[in-house]
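Annotated domain 'G-protein coupled receptors family 1 profile' per TrEMBL: 60-301, in sequence order. Taken from TrEMBL, the feature transmembrane segment covers 49-68, 80-103, 123-144, 165-185, 191-214, 243-268, 283-303.
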């Protein structure tokens, strides 16, 4: 892995620095006579900001995981997939903050110690890449789950069993871990970047296709199923609420991650174009957006789910009062 320090600014994600391109894209315009300042100067973000955001994300997503684990009312396929997404979000932010610390150590250690630090950094990069892929796959899994709840409501519990959900989540993380490691091993190749971009847009297209069909046909299915015994508008309304929650999650994910993937596209397509280089010079800001996604997601869960919000309050109450308030026995 190549470690670059652009004009004194430490880059928190070295795997993404290969895609970053300022070590090859920003310096080249300068050689052609462009000013070294302005747009070509890497936007500086204090390392403390990355560490702070990592800690906040850790606390929020751990709260989500604990809440889902404790409250049996939340032991459903959708919330298990949300739990997987929370783990991925947490790992992205915590690894990002941890890598900031590793890079700081790397730049303050002697040559003999750098080899060990680089190996640690490569491990962190693998975790970050694997978590990104797991986030995308978890969002797609939630979309498929919502699709089944709306269009196959009567067979849903036979299709999405707890055991089957566990197998799906295990396969997601196994595949994403292997892919993340391979991406780091071959991170010097532009093919890796193209694969990452392709996976991102493929998943978005699949989710968009599901949602176009879902929201076009949902009302028709709600009317048909509502007249059957044991079903009703309340249950179907809850299913649609879950679909809307996922729509918000996907929207936030795209807003927070799109600048980074646009950055990758520019690196592949126009690394020496002044406008592309100007966009890529804000790389640290795009990393902040990525970490903010991990912080915003738990707030969306709490805002959209009364049951989860109630469990959050009970857990925080118990932690604050050291057990003076007990969780309900149903947990």
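For all residues, glycine too, the Cβ spot is worked out from N, Cα and C.
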If we skip the immediate neighbours and take only residues 6+ beyond the ends of the transmembrane segment (243-268), which ones have a Cβ under 8 Å from one of its Cβ atoms?
16, 19-21, 25, 85, 135, 139, 142-143, 146, 149-150, 190, 193-194, 196-197, 200-201, 204, 207, 211, 214-215, 218, 276, 279-280, 282-283, 285-287, 289-290, 292-293, 296-297, 300-301, 304-305
Other than its close neighbours in sequence, what residues sit by the transmembrane segment (191-214), given a CB gap under 8 Å and a spacing of at least six beyond its ends?
18-19, 129, 132-133, 136-137, 139-140, 143-144, 146-147, 150-151, 183, 243, 247, 250, 254, 257, 261, 264-265, 267-268
Selection from 49-68, 80-103, 123-144, the stretch that has most Cβ pairs under 8 A to the transmembrane segment (165-185):
123-144
Are there residues at least six beyond either end of the transmembrane segment (123-144) with Cβ under 8 Å to its Cβ atoms? List them, or say none.
1, 13-15, 78, 81-82, 84-85, 87-89, 91-92, 95-96, 98-99, 102, 168-169, 172-173, 175-177, 179-181, 183-184, 187, 196, 199-200, 203, 206-207, 210-211, 246, 249-250, 253
